[in-house]
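Asks: One structure, as structure tokens, below. Some questions next.
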Amino acid sequence: MKSAYIHIPFCEHICHYCDFNKYFIQSQPVDEYLNALEQEMINTIAKTGQPDLKTIFIGGGTPTSLSEEQLKKLMDMINRVLKPSSDLSEFAVEANPDDLSAEKLKILKEAGVNRLSFGVQTFEDDLLEKIGRVHKQKDVFTSFERAREIGFENISLDLMFGLPGQTLKHLEHSINTALSLDAEHYSVYSLIVEPKTVFYNLMQKGRLHLPPQEQEAEMYEIVMSKMEAHGIHQYEISNFAKAGMESKHNLTYWSNEQYFGFGAGAHGYIGGTRTVNVGPVKHYIDLIAEKGFPYRDTHEVTTEEQIEEEMFLGLRKTAGVSKKRFAEKYGRSLDGLFPSVLKDLAEKGLIHNSESAVYLTHQGKLLGNEVFGAFLGEL
């Protein structure tokens, strides 16, 4: 096992678009949660053996919503239990610009964290307020500069497009401002309105006014062209990086490789079995105490399912799915398994089917879901 994801489900506030497993941190049993999280790690490793991890990613929620003492407790626990060695190439933490003090940054740096992912979303203060964010544009500059001063040389900025009230001009301003910071990595996602969110409730009432689909496609084109013009290469549908600064942890997912998933609501992929942990914090703590593991669901992945996942995850990468690696992994030819699908998608101009790989065309990136769905139920 080369990768571990750790979920911290606490936030100081809830964003209007977020459907991740998260809770207001006030009145939550945070220390009990951290104790249960440590126990889950210990119990899992007792079963699988000590891993030689290459990547660790702490997400949420908002990991940096923890107090300085709690953040240090988390870092100490990870280093004590997971025992990352010099082979660990990426130790990443998601952070909010408004709660990232110099002291918290020092705690992360001293613990071995070498990559930060800032939830920026937009550099328009009025849009930030509309989507339920509490930070301002100036907070991003302050936190970014502070992180640089403390020695972080790998910073990613998360941005969004297709937001309510967002214009092409807004987006261009946000992308230009983000690029002016000269970060190593940029994730730029289109808004997807998910159930159980503030935006979903507004949409149900006819009160959410989003850019039309054609404009959203134009926004994505702007993102791609500006990144390319700035020398930031696209390596996945929504991700852009300087050479060599791609997210190694996320490439684990897109390459359909296995990983630990620790914490409330976390997903894991261990020994050919996909696991989903319970989401509610109290339920998670109780299950760890009673059973040692917090699984809500486990599913042994069939070979057919693995192959489907290989295609719809792998095609998210600009490099696509390697035919050589596919054959080594599954003992079968990619062209032999999907002859009609590959022919149809190539004729529609959505994929390139070369001798070595299958990958999306420019048009395929715009219609990715159509491409991914074509491989489902074909085996």
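Glycine too: its Cβ is placed from the backbone N, Cα and C atoms.
For 1-233, the entry in Swiss-Prot reads domain 'Radical SAM core'. The feature S-adenosyl-L-methionine 1 binding site is assigned by Swiss-Prot to Tyr5, Gly60, Glu94. Annotation comment: Swiss-Prot describes Cys11, Cys15, Cys18 as [4Fe-4S] cluster binding site, evidence class similarity to another entry. Swiss-Prot lists Gly61, Thr62, Gln121, Arg133, Asp158 with the feature S-adenosyl-L-methionine 2 binding site, giving similarity to another entry as the kind of evidence.
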Asks: Which residues, in sequence order, are found in the same chain with Cβ within 8 Å of the centroid defined by the Cβ atoms of Tyr5, Gly60, Glu94 at the S-adenosyl-L-methionine 1 site, excluding those residues themselves?
Replies: Ile6, His7, Ile8, Phe57, Ile58, Gly59, Gly61, Pro63, Val93
Asks: Averaging the per-residue pLDDT over the domain 'Radical SAM core' (1-233), what integer do you get?
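Replies: Value for the domain 'Radical SAM core' (1-233), mean pLDDT as a whole number: 95.
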Asks: Measure from the CA atom of Cys15 ([4Fe-4S] cluster binding site) to the CA atom of Gln121 (S-adenosyl-L-methionine 2 binding site) and give the result in Å, rounded to a whole number.
Replies: 11
Asks: Take the C-alpha atoms of Cys15 ([4Fe-4S] cluster binding site) and Arg133 (S-adenosyl-L-methionine 2 binding site) and report the distance between them in angstrom, rounded.
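Replies: Taking the Cα atoms only, Cys15 ([4Fe-4S] cluster binding site) lies 6 Å from Arg133 (S-adenosyl-L-methionine 2 binding site).
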Asks: Could you state the CA-to-CA distance between Asp158 (S-adenosyl-L-methionine 2 binding site) and Cys18 ([4Fe-4S] cluster binding site) to the nearest Å?
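Replies: About 14 Å separates the two Cα atoms.
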Asks: Please work out the number of neighbouring Cβ atoms within 10 Å of the Cβ of Glu94 (S-adenosyl-L-methionine 1 binding site), leaving out its own Cβ.
Replies: 19
Asks: Can you tell me which of the binding-site residues Tyr5, Cys11, Cys18 is spatially closest to Thr62 (S-adenosyl-L-methionine 2 binding site)? Compare CA atoms only.
Replies: Cys11
Asks: Please list residues from the chain of Gly61 (S-adenosyl-L-methionine 2 binding site) whose Cβ is under 8 angstroms from its Cβ, counting only those at least six apart in sequence.
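Replies: In sequence order, His7, Ile8, Pro9, Phe10, Cys11, Phe20, Asn21, Lys22, Tyr23 meet the Cβ cut-off.
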Asks: List the residues in the vicinity of the [4Fe-4S] cluster site, defined as same-chain residues other than Cys11, Cys15, Cys18 with C-beta within 8 angstroms of the site's C-beta centre.
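Replies: Everything else in range on the chain: His13, Ile14, His16, Tyr17, Phe20, Lys22, Gly61, Thr62, Gly132.
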Asks: Looking at the binding-site residues Tyr5, Cys18, Gly60, Glu94, whose Cα is closest in space to that of Arg133 (S-adenosyl-L-methionine 2 binding site)?
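Replies: Closest by Cα distance to Arg133 (S-adenosyl-L-methionine 2 binding site) among the binding-site residues Tyr5, Cys18, Gly60, Glu94: Cys18.
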Asks: Looking at the binding-site residues Tyr5, Gly60, Glu94, which has the shortest Cα distance to Cys18 ([4Fe-4S] cluster binding site)?
Replies: Gly60
